[in-house]
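To start, the structure itself, in structure tokens.
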């Protein structure tokens, strides 16, 4: 059994499973799980000397407008191992556009059964302002030194937009 068998969640869109590809604060290497084999591949070495400000992964059985599963950032008290799966609750979404088109990054917090530390966070605006700024800065800058690549941050949207992003992507994947 591989990661491809992990369901999207227990109760979409509020209770999701996120497959972690990149731990928080890790070296500037972009990893991606190959959806067919379940193997973790090095996608590229990032040209900028930056690290992901939160764990980064995706929701299985979803298809975003960019052609990939829904991207999710998960702040946790400790970095998570690549290939691990964490039960989460979405709280918001960072809407962006890059050289390939529309690109959204859902932000989700660990489910209450894993830790009570994030229970007070109901919406992206409940996250620490510094963490939101770090996430936004990271995505505004992480492709800056890569030829032909760019990112424009369109802004933050709340929990309802994150839920809709997950539901729309789940439905898109079923087609």
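Cβ coordinates come from backbone N, Cα and C, glycine included.
Annotated features, as they stand in Swiss-Prot:
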type    : residues        : note
BINDING : 30, 44, 56, 142 : substrate binding site
BINDING : 66, 71, 103     : Mg(2+) 1 binding site
BINDING : 71              : Mg(2+) 2 binding site
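Feature annotations (Swiss-Prot) mapped to structure.
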| residue | record | Cβ contacts under 8 Å, 6 or more apart |
| --- | --- | --- |
| 30 | substrate binding site | 22, 42, 43, 44, 45, 46 |
| 56 | substrate binding site | 20, 21, 22, 24, 71, 72, 73, 74 |
| 66 | Mg(2+) 1 binding site | 98, 100, 101, 102, 103 |
| 142 | substrate binding site | 46, 48, 50, 151 |
Neighbouring C-beta atoms (10 Å sphere around the C-beta of residue 103 (Mg(2+) 1 binding site)): 21
66, 71, 103 excluded, remaining Cβ within 8 Å of their centroid (Mg(2+) 1): 64, 65, 68, 96, 98, 100, 102, 104, 105
Residues within 8 Å of the 30, 44, 56, 142 Cβ centre (excluding the substrate site residues themselves): 22, 28, 29, 31, 43, 46, 52
Helix, strand or coil at residue 142 (substrate binding site) [DSSP, three-state]: coil
Substrate binding residues 30, 44, 56, 142: largest Cα-Cα distance, in Å and rounded to whole number: 15
Cβ neighbours of residue 71 (Mg(2+) 1 binding site) where a neighbour is any other Cβ within 10 Å: 23
